[in-house]
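Below is one structure; the comments refer to it alone.
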Amino acid sequence: MSLLQLSPLLALLLLLCSSVSETAADYENTWNFYYERPCCTGNDQGNNNYGKHGADHVREFNCGKLYYRTFHMNEDRDTLYVGAMDRVFRVNLQNISSSNCNRDVINLEPTRDDVVSCVSKGKSQIFDCKNHVRVIQSMDQGDRLYVCGTNAHNPKDYVIYANLTHLPRSEYVIGVGLGIAKCPYDPLDNSTAIYVENGNPGGLPGLYSGTNAEFTKADTVIFRTDLYNTSAKRLEYKFKRTLKYDSKWLDKPNFVGSFDIGEYVYFFFRETAVEYINCGKAVYSRIARVCKKDVGGKNLLAHNWATYLKARLNCSISGEFPFYFNEIQSVYQLPSDKSRFFATFTTSTNGLIGSAVCSFHINEIQAAFNGKFKEQSSSNSAWLPVLNSRVPEPRPGTCVNDTSNLPDTVLNFIRSHPLMDKAVNHEHNNPVYYKRDLVFTKLVVDKIRIDILNQEYIVYYVGTNLGRIYKIVQYYRNGESLSKLLDIFEVAPNEAIQVMEISQTRKSLYIGTDHRIKQIDLAMCNRRYDNCFRCVRDPYCGWDKEANTCRPYELDLLQDVANETSDICDSSVLKKKIVVTYGQSVHLGCFVKIPEVLKNEQVTWYHHSKDKGRYEIRYSPTKYIETTERGLVVVSVNEADGGRYDCHLGGSLLCSYNITVDAHRCTPPNKSNDYQKIYSDWCHEFEKYKTAMKSWEKKQAQCSTRQNFSSNQHPNEIFRKPNV
């Protein structure tokens, strides 16, 4: 039978073979070792094909799209206060799902007149002309709350009880009502505020804020409210603010955080870099500080800060030409550790997108503020450090008992020299973590101490603009800081994470987006990992090799966060035995879907055979094929392919298969799997025929171009006849 006569039969059989799924042809790969349980999205349970996914570690609070963008946590009261559109919610820290949208809330809607005025200025009635709560701070040991909202582009502040009820008229708080310079006009503007009860002039409490102080956004300000003696209902100290319309002090800043530490209040923000303006436009990240006892100058700077200083924050990849992440997006400080700040940075959105996490030590910050000042002698000159001999005494920016007694030379100097020369460098010469094509929005940090092992881990939870959380662990080995990505999980797909908080008492992470709030247990363990390899690298978890499960860490469990013991999980790796038919193609794999955190890791397959011993598999299109999930396809198995196949990630064993080849090629089939094996062999044979057919057709096409164009030439002639 010729190849041409066989082609209809080939076409039919090849069509049948191509309609068979890969899992039918490679029937052995219907079972895998690893899968990653879903984490935090609402439909996880319905889509989980690998066992029931308990949702007890993920809880949600949702009262509609209310722009949940402000958190204030009070662990003593087991409460998370949430600022939203026209509302403040009181959410149960233990279980946010138990909170009620109608009961645990106070409504703070703007008046009709405020809304009408807002709309008349061209603002949206359904978003802009609402009261978006942007500041919630505890007062009086948490008995009362200070609240400030945009109030239809007419900022307004309130003092309410911690149970979300209004104060009676008899408890009116003087100085409260007008929220200008305390929170923004525009709900989309970044701002920060912190209520400071100790260390201020006269020991009086007051709010420190960083925000826009005008509807037009022309006046940005770092501000402290008037300080009142509440018992006497008397103003003791007037407000203090940055110099108005002076780009050396502030130039279009975006504020991201503020902190009360010792004698100072620190502010973190990004702004247009005045020192770079002669070379073009750039945005730099800053840290600024003011003394809490600052009362301004006597004649100069009477209503302004007399101790205001700022310095650049440097988050960059080190090198001869460092790569800078110039735009700070968020900052966090552990309540138990005032010596460090952790922050997320991004590149400019106009160029190559990238994000990084950097940490800063208070000693490096103090060194920058104690260093040289920077100045520009004329509008066309470069910015240069100021000689120490030109710095007046007492040193500008130093906290003194009464700043109104500072000499004019000091006040004049600080008025024109608020910028420090030295940047604040991040720790360890490199970011904790960085990644391109990613926008980090918020972060929180946890610290885990295992005393018996004398080991400390810092765990970063970093939110993105697409609703994902990157979980990163940092640890020290021989004095060197090391960090690695542990996990990536989706919390709110395609929603930007707007705010985050973490509770040590409840061991929970809280995430806010415009649509919802979610609570996630820090120790997910068996609800996230089904295998030893992933489990032992999470500092919250440990592998129980007796029960073959992942549990919250205890001393008798396996754990290897630093990956120092590559074979720690070898005894826990499941090993599968497979019998395959001669000529069969078999698919071996460890993952149903490879976790994203492992996609860039090197996966290596090894074959242990009788003839060659142990050797590394080299991929080839005719024998060994790598799948998209790092699995291995062995094509057309023969006796030499028998033996053990091990899959390694780095030095760690992930999974193992022991293959036995059935050399009796004509064994009568006795079950459905045997029929599938034979059918797979036929498909393999017809693939060979298909290849031969294509080769024949190609040669036929080449021959047809050589045919004689004369009408009397025989179609089968291979030589051209000479013309007669």
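Using the three backbone atoms N, Cα and C, a Cβ is placed for every residue, glycine included.
Summarising the annotation, Swiss-Prot assigns signal peptide to 1-25.
Look at Swiss-Prot and you will find 45-522 tagged as domain 'Sema'.
For Asn95 (among others), the entry in Swiss-Prot reads N-linked glycosylation site, with the evidence type experimental evidence. Non-local neighbourhood of Asn95 (N-linked glycosylation site): Arg59, Gln519, each in the same chain, at least six residues away, with C-beta under 8 Å from its C-beta. Following the DSSP three-state reduction, the secondary structure of Asn95 (N-linked glycosylation site) is coil.
The Cβ of Cys118 (disulfide bond) lies under 8 Å from the Cβ of Pro110, Gln125, Asp128, Cys129, Ala152, His153, Asn154, each of these being in the same chain and 6 or more residues away along the sequence. Marked as disulfide bond by Swiss-Prot on the basis of similarity to another entry: Cys118-Cys129 (among others).
Same-chain residues at least 6 positions away in sequence with a Cβ under 8 Å from that of Asn163 (N-linked glycosylation site) are, in sequence order, Arg90. Taken from Swiss-Prot, the feature N-linked glycosylation site covers Asn163 (among others).
What Swiss-Prot records for Asn190 (among others) is N-linked glycosylation site. For Asn190 (N-linked glycosylation site), applying a Cβ distance below 8 Å and a minimum sequence separation of six or more within one chain yields Pro184, Asn254, Phe255, Val256, Phe269. Following the DSSP three-state reduction, the secondary structure of Asn190 (N-linked glycosylation site) is coil.
Cβ contacts within 10 Å of Asn229 (N-linked glycosylation site), excluding its own Cβ and spanning all protein chains shown: 14. The annotation N-linked glycosylation site is assigned in Swiss-Prot to Asn229 (among others).
The disulfide bond annotation in Swiss-Prot covers Cys291-Cys399 (among others), and the record cites similarity to another entry as its basis. Same-chain residues at least 6 positions away in sequence with a Cβ under 8 Å from that of Cys291 (disulfide bond) are, in sequence order, Glu263, Tyr264, Thr307, Gly397, Thr398, Cys399, Val400, Thr403. The DSSP secondary structure for Cys291 (disulfide bond) is strand.
Counted within 10 Å of its Cβ, the other Cβ atoms near Asn314 (N-linked glycosylation site) come to 22, all protein chains included. Among the features that Swiss-Prot reports, N-linked glycosylation site is placed at Asn314 (among others).
What Swiss-Prot records for Cys315-Cys358 (among others) is disulfide bond, and it gives similarity to another entry as the kind of evidence. Long-range neighbours of Cys358 (disulfide bond) (same chain, six or more residues apart, CB within less than 8 Å of its CB): Leu313, Cys315, Phe325, Phe342, Ala343, Phe345, His426, Glu427, Pro431, Val432.
Sequence-distant neighbours of Asn401 (N-linked glycosylation site) (same chain, 6+ residues apart, CB-CB distance under 8 A): Lys293. In three-state terms derived from DSSP, Asn401 (N-linked glycosylation site) belongs to neither a helical nor a strand segment and is classed as coil. Taken from Swiss-Prot, the feature N-linked glycosylation site covers Asn401 (among others), and the record attributes it to sequence analysis.
Marked as disulfide bond by Swiss-Prot: Cys525-Cys541 (among others). Cys541 (disulfide bond) falls within a strand when secondary structure is assigned with DSSP. Counting every protein chain shown, the Cβ of Cys541 (disulfide bond) has 24 other Cβ atoms within 10 Å.
Under 8 Å, Cβ to Cβ, and six or more positions away along its own chain, Cys550 (disulfide bond) finds Cys525, Asn526, Arg528, Tyr529, Asp530, Asn531, Cys532, Arg534, Cys535, Cys541, Gly542, Trp543, Asp544. Annotated disulfide bond per Swiss-Prot: Cys535-Cys550 (among others), in sequence order.
Taken from Swiss-Prot, the feature domain 'Ig-like C2-type' covers 552-663. Taken through DSSP, the domain 'Ig-like C2-type' (552-663) splits into 9 helix, 48 strand, 55 coil.
The N-linked glycosylation site annotation in Swiss-Prot covers Asn563 (among others). In sequence order, Arg537, Gly650, Ser652 make up the list of same-chain residues 6 or more apart from Asn563 (N-linked glycosylation site) whose Cβ falls under 8 Å from its Cβ.
Annotated disulfide bond per Swiss-Prot: Cys590-Cys647 (among others), in sequence order.
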Note: among disulfide-bonded residues Cys399, Cys590, Cys647, least Cβ-dense neighbourhood at 10 Å is Cys399
Integer Å value for the Cα distance linking Cys647 (disulfide bond) with Asn658 (N-linked glycosylation site) is 12
Counting every protein chain shown, other Cβ atoms within 10 Å of the Cβ of Cys129 (disulfide bond) number 23
Three-class DSSP assignment, Asn314 (N-linked glycosylation site), comes back as strand
Cβ-Cβ distance under 8 Å, sequence separation of 6 or more, same chain as Asn658 (N-linked glycosylation site); the residues meeting this, in order, are Lys575, Lys576, Lys577, Ile578, Gly643, Arg644, Tyr645
Asn229 (N-linked glycosylation site) sits from Cys590 (disulfide bond) (Cα to Cα, rounded, in Å) at a distance of 69
